[in-house]
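Participant: Here it is, the structure, as structure tokens.
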């Protein structure tokens, strides 16, 4: 099954261990624990994000929209700073250590978030620190709204459990459970491209010459290119999520509650679509390869944004009233996000709808028809998950058997930077220049990214293929 070696061929011991059934089961238990960890991390972010703005207003009246922008960005900033550090740590120590510590920091940060109302002053800065620490380490918020703003208070430990703190406390609780599972169930395993068990090169028994050889053979051009591709992929989706509410409120005269409800349904549908795409690309990649799927995904996303370009002779309804509209970020990204955090008690108030006259482009830019919008959303929902999973897969294969901690840290950092810059870019360009300029620039960015992928296409191959261990 493994083939025969000649007497003169080097015999690297760490590649000759056949994986046993017990080892195989243990490895998949560990993989499922990591699946759960990623799921809890994603859910934990979404259930807290919807409560940030009303909670911030409640604990500190001095907090304005510009500070809200910093609070939102602090998560990605913390993640961007921490990722390379924890990646380096994982290269030299058992990977359980940084994993457990990062979750512990997240638990502590969520507890801090639940207690930011206690200090007598500067509460907003405590919230900023809490969200930043979570970075180190939507729909669900509706359920917590049933608890109410008052909730219950445990005076002995000054703990308030309400619709704002409950998500963070739940995150802390599941984080503790996650740590217990990692300590008791997770085991580190390493196999080669043929599924054979290998020694873990994080420890001393690994042969030093083989580790150094694997380090010297990584294609750094492919590594940098993949980081750039991953940055653009997350940049595109981050700006798409950001612009949904302002775009629909301006183009279709949706109220705040309509925008939150309808866009929530759209994003939920895209999530279901992404699950289907994730399963489909796994099968398709075996037939046409990861690079082809990545290229196809970028083309689909480009078509999606091209369809969003305004055309025709119909114009959006103009909002003439000189009142605040939550789709106008003025000078900061934070103000564009306020509409997502308006509390339910404000919804009964009538608010002007339509494209605000303060945005000059509203007077001469054609409306984006609903058919365009839905078609674009479907295409982006197809292209983004395909590109996302393929970029991860290619990156891991490019790195091969080398310890991947630092490299994966840089990949995560590039994604965090994209989630910071994407919303800032689209909110400013959309507000001052309109959707035609905004989506045209996005199309140009995607075309440049496709060009980059074409230039490095032949270099985006697995480490084992480069070294001649297996054929592509």
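Any Cβ shown, glycine's included, is placed from N, Cα and C.
When I checked TrEMBL for this same protein, it listed these features:
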TRANSMEM  33-55  transmembrane segment
TRANSMEM  67-87  transmembrane segment
TRANSMEM  99-116  transmembrane segment
TRANSMEM  128-148  transmembrane segment
TRANSMEM  168-186  transmembrane segment
TRANSMEM  221-240  transmembrane segment
TRANSMEM  260-281  transmembrane segment
TRANSMEM  293-312  transmembrane segment
TRANSMEM  373-395  transmembrane segment
TRANSMEM  407-431  transmembrane segment
TRANSMEM  437-457  transmembrane segment
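What does the local environment look like for each feature on the list?
Facilitator: With a cut-off of 8 Å between Cβ atoms, the residues of this chain six or more beyond the transmembrane segment (99-116) that come close are 37, 41, 44, 48, 59, 82, 86, 90, 123, 126-127, 129-134, 136-137, 158-160, 165, 168-169, 171-172, 175-176, 178-179, 182-183, 186.
Outside the transmembrane segment (221-240), and at least 6 residues removed from its termini, the chain residues within Cβ reach (under 8 Å) are 294, 298, 301, 305, 380, 384, 387-388, 391-392, 394-395, 398-399, 407, 410-411, 414-415, 417-419, 421-423, 425-426, 442, 445-446, 449, 452-453, 455-456, 459-461.
Sequence-remote contacts of a segment are chain residues at least 6 beyond its ends whose Cβ falls under 8 Å from one of its Cβ atoms, and for the transmembrane segment (373-395) they are 223, 226-227, 229-230, 233-234, 236-237, 240, 247-248, 251, 266, 269-270, 273-274, 277-278, 281, 285, 290-291, 293-294, 296-301, 303-305, 307-308, 407-408, 411, 460.
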Participant: Using Cβ atoms and a strict cutoff of less than 8 Å, what residues sit near the transmembrane segment (293-312) while being 6 or more residues removed from its termini?
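Facilitator: Beyond its ends, the transmembrane segment (293-312) has Cβ neighbours at 229, 233, 236, 281, 284-285, 365-369, 372-373, 375-380, 382-384, 386-387, 390-391, 394, 434-436, 439-440, 442-443, 446-447, 449-450, 453-454, 457.
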Participant: Could you check whether the transmembrane segment (67-87) packs against the transmembrane segment (437-457) - three or more CB pairs closer than 8 Å, residues at least 6 apart in sequence?
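Facilitator: Contact between the transmembrane segment (437-457) and the transmembrane segment (67-87): absent, because fewer than 3 Cβ pairs are under 8 Å.
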Participant: Which residues, given as numbers and ranges, are at least 6 beyond the ends of the transmembrane segment (437-457) yet have a Cβ under 8 Å from it?
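Facilitator: Residues packing against the transmembrane segment (437-457) from afar: 221-222, 225, 228-229, 232, 235-236, 239, 243, 291, 294-295, 298-299, 301-302, 305-306, 308-309, 426, 429-430.
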